[in-house]
Amino acid sequence: MQDLGNWTPSSWRARPALQLPAYADDGALRAAEQRLATLPALIFPGEIAQLRTRLGAVARGEAFLLQGGDCAESFDEVGQDAVESTFRVILQMAVVLTYAAACPVVKLGRIAGQFAKPRSSDSETVDGTTLPSYRGDIVNGSAFSAAARLPDPARLLTAYAHSTTTLNQLRALAQGGFADLHEVHRWTADFVRTSPQGARFAELADRITESLGFMEACGFDAARTPQLHAVEFYTSHEALHLHYEQALTRHDARSGRWYGGSAHMLWLGERTRQLEGAHIEYLRGIDNPVGVKLGPNAAADDVLRLLDRLDPDNQPGRSVLISRMGSDKVAERLPPLLRAVRRAGRTPVWCCDPMHGNTVTASNGYKTRDFERILGEMRGFFSAHAQEGTYAGGLHFEMTGQDVTECRGGAQALSDEGLASRYRSACDPRLNGSQSLELAFQIADVLKAARA
Ligand code: TRP
Ligand code: MN
C-alpha cells in the first residue's frame, strides 16, 4: 500500500494554497467546516474502488472515458430538467460510442459538485467599482454587487445540499429504468429530434431496438440481464475548494485508506497543480482517481514529477492526465509528453479536453468556441497517440442537454449573431444537445478507425 508519509486530511494547510477565497469571518468558516464533517460522505469507498477498476481498463486500452457536464453548476438550477437533460445527452453519446466502436464507455459527469472556479484576478472592476471576483456558487454570487460578491461560508453547506439533490437524481436516473437500453428512443430531446444528428441517432436506436428484439426472440432473457437496464454513472469536479474537500474526507476502516467523499473523481486545473502546493498535497493522500489538466506549457519533467507524487505505485486507474493544448498546438506539444510518460513506464489514462484551449471572444463580445476547433483538437489528440503508440483514452468536455447557443458552428452553423439568442452560461461556453451528439458521431468514427 502507498506510504502517505506525514499526510493528513489537513496537511495541505502548511502549503501555499492558491485560488482559495478570503473569508471575513473565520469563526463562520470553521462552523461550516465542522458541520460538513458531521454529515455523510456523498460517495462510498466501494464505488471509488469500482471506478478505479473501470479506469484501469481505460488505461489498458480496453475502454473509453467520457467525462462531461457544465463548466460550473449553479444553485439557481434546481428543477428536474437541468440534470436530466445533461444526463440523457451523456447517455446518447455513450451509446453512440459503445455501438460504433464496440468499446465499453465509462460515464463520468462534471456534476453534483462542480461549483468552484479558479480566476485569473482576485477582483473585477466595472465602471470604476472594484469588487471581489466571482469564484463559483460555493464561494459567492455572480451578481455584481458588494453583497453578492462577499465570500460566504454558509455556501459550503448549500453546495453540499445541492450536490446531494443532484446525486440522488442521478442515481435514480442511472438505476431506476430511465437508462434502460429499451428506452433508447426516449433520450432524444425535442429540439434534437428534428436535427440531422437526431435523425442519425434515431437510426442507431432502431438498430439497437431491433437487435434486442432479435436476441430476445432467440431466447435471450433481457429481464435477467441487469447490464441492459442500468448504467454506472460517476461524478467528478475540480478539487479547488480545499476547506470543502477536507471537511468531506473520510477514513475507510476496511481498507485503512482515506478517500474524498465529495465525488468519485477529482481533478486539478493548470493554476493549482504546483508540485509543492496545497492542492497536490491534498490530492496525493486520498484514494480516489485523480486528474491533472495539462496545457501547452506543461513540461515533460513536471508531468513525470506529478505522477511520482500522485501515483507513486503506478496503479492503473489512479491517475488521469487531461490535455488541453488548443487545436493549433496539440500536434506539437502533446507527443513529447506522451513519449516521456511512456518511456518512464507510466500508464495513466490520457484524456483530451478540447474545450479550454480553444476559447475565443466573438466580434460581439461573447466568449465562445468553434465546433471545428474542438473537433480539430480531438483529432490531433488521436493522431498524437497513434504516432507515439499510446492509447487515446477519453474525452472531457463542457456541455449541456439544453438548447443553448454558446459554441459556434456544427451542423446548425451557429454564427456570432446566433450566440445572443440563448447564451445562458455563467462561465464558459458549452456544446448544446445536438452539437454534443454531433461530436459523439465524429469521435465514434475516429475511435472505430483507431481501434481497427
Ligand atoms: N450497462 C451497459 C453500459 O453502461 C449498457 C447500457 C445500458 C448502456 N444503458 C445504456 C450504454 C445507456 C450506453 C447508454 O454500457
Ligand atoms: Mn470551463
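Every residue gets a Cβ built from N, Cα and C, even glycine.
No curator has checked TrEMBL annotations; they are predicted automatically.
Under the heading Mn(2+) binding site, TrEMBL lists Cys71, His356, Glu398, Asp428. Sequence-distant contacts (6 or more apart, same chain, Cβ under 8 Å) of Glu398 (Mn(2+) binding site) comprise Gly68, Gly69, Asp70, Cys71, Arg110, Met355, Asp428, Pro429, Arg430, Leu431.
Reduced to three states, the DSSP call for Arg271 (phosphoenolpyruvate binding site) is helix. The 10 Å shell around the Cβ of Arg271 (phosphoenolpyruvate binding site) contains 17 further Cβ atoms across the protein chains shown. Taken from TrEMBL, the feature phosphoenolpyruvate binding site applies to Arg110, Glu270, Arg271, Lys293, Arg324.
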Sorting the binding-site residues Cys71, Lys293, Arg324, His356 by sequence and keeping only those with a Cβ under 6 Å from ligand 1 gives none
Suppose we screen the binding-site residues Arg110, Lys293, Arg324 by Cβ distance to ligand 2 with a cut-off under 6 Å; which survive, in sequence order?
none
Using a Cβ-Cβ cut-off under 8 angstroms and a sequence gap of six or more, which residues of the chain neighbour Arg324 (phosphoenolpyruvate binding site)?
Glu270, Lys293, Leu294, Gly295, Cys352, Asp353, Pro354, Met355, His356, Gly357
Residues close to Mn(2+) site centre defined by Cys71, His356, Glu398, Asp428, Cβ within 8 Å
Met355, Thr359, Cys427, Pro429, Arg430
If the phosphoenolpyruvate binders are Arg110, Glu270, Arg271, Lys293, Arg324 per the record, what's the largest distance between their Cα atoms, in Å?
18
